[in-house]
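The structure appears right after this line, and notes come after that.
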Amino acid sequence: MPWPPVFGKVFMSPLQDGFSRRFYYLRLSITDVCNFRCTYCLPDGYRPPAGGKVGRQPFLSLEEIRRVVSGFAAMGTRKVRLTGGEPSLRRDFTAIIETVANTPGIEKVAMTTNGYRLKERAREWFDAGLTALNVSVDSLDPRQFHQITGENKLAEVMDGIEAALAAGFKSVKINAVLLKGLNDHQLDAFLAWIRHKPIELRFIELMQTGEMDTLFRDHHASGALIKQRLLDAGWLQQLRGADDGPAQVFMHPESMGGVGLIMPYSKDFCAGCNRLRVSSLGKLHLCLFGDHGVELRDLLTADGQQDELQQRIRSALVGKAATHRLHEGNAGMTPHLASIGG
């Protein structure tokens, strides 16, 4: 069956790299700005590029977002995740959701958020077409949360999660970056919290980036330790679907919620890669830890550039590597996770 028409054209072939991996999932950063100061991402807060406003590129406009999403949709993309920075800081965020959700071929629109605006906006975003949420909650202890994020807003974030569930979201996931000595002892508290909530808790191993070498050395903890504790407590690892992401998911018969482990240092982590990334300035990134981005923005100025846009994306995909090089201490040119949306 052909893919739906986009800009009057029908495309038959989905995106695929040289290792037979197919890419149905786009992570689209719409801003680098964030109002939190998480130790593992932007410990000093968001700092605009040097030089002030003169010469600084603006983030992708609503029309540029429409064109890039349409281009990916024409090549088989079915899911778009809006990331940042904190995506909800965009004044036109609801319009962005509507634009992406109304793109022919797009079936799921997700966002990753720090959750500080969820309580007031969850219903609005749901009605606009947002279908899934990932909310960052690195600790359930208010003091620890404040220490990790730089903001004393745990209560507001937790209220936002409840508001999202009440608004009708069926897919709510909680992201917690695993930090040795900070939150790696809080597994029992997290499991008790999700026991009666239909959410998936995802522990993410701390990843090495250019500006975080010291933090990585001091606080990296292996997700394998959490995995063993789950198995010992009767949690069952779920079979991974062909189009699932890298998370290893566990369920327990006495828990409504599940647990996902994202362990980029584990064997074969990249084998099932199904996602591509576009930065807030319009660069295509084939890997979170790649060395260079591929410029797309010059092909986002008019609807008539779709053929060229899609060809550039396909050509770039030929060069996608089989795996990252984190085991070699090589994090590419990613200075921090906010720079291309994590």
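Start at 1 and count along the chain as shown; that gives each residue its number.
Glycine residues also receive a Cβ, built from the backbone N, Cα and C atoms like all the rest.
The GTP site in Swiss-Prot is built from ARG27, THR112, LYS173, ARG275, LEU276, ARG277 plus one of ARG78, ARG81, ARG143, ARG240, namely ARG81.
Note on proximity: of the binding-site residues ARG81, GLY85, LYS173, MET207, ARG275, the one nearest CYS38 ([4Fe-4S] cluster 1 binding site) is GLY85, by Cα distance. Figure note: comparing Cβ neighbours within 10 Å for the binding-site residues ARG81, ARG275, the maximum is reached by ARG81. Among the residues the record lists as binding GTP, namely ARG27, ARG81, THR112, LYS173, ARG275, LEU276, ARG277, the two farthest apart have Cα atoms separated by 20 Å. Counting every protein chain shown, the number of other Cβ atoms lying within 10 Å of the Cβ of LEU276 (GTP binding site) is 23.
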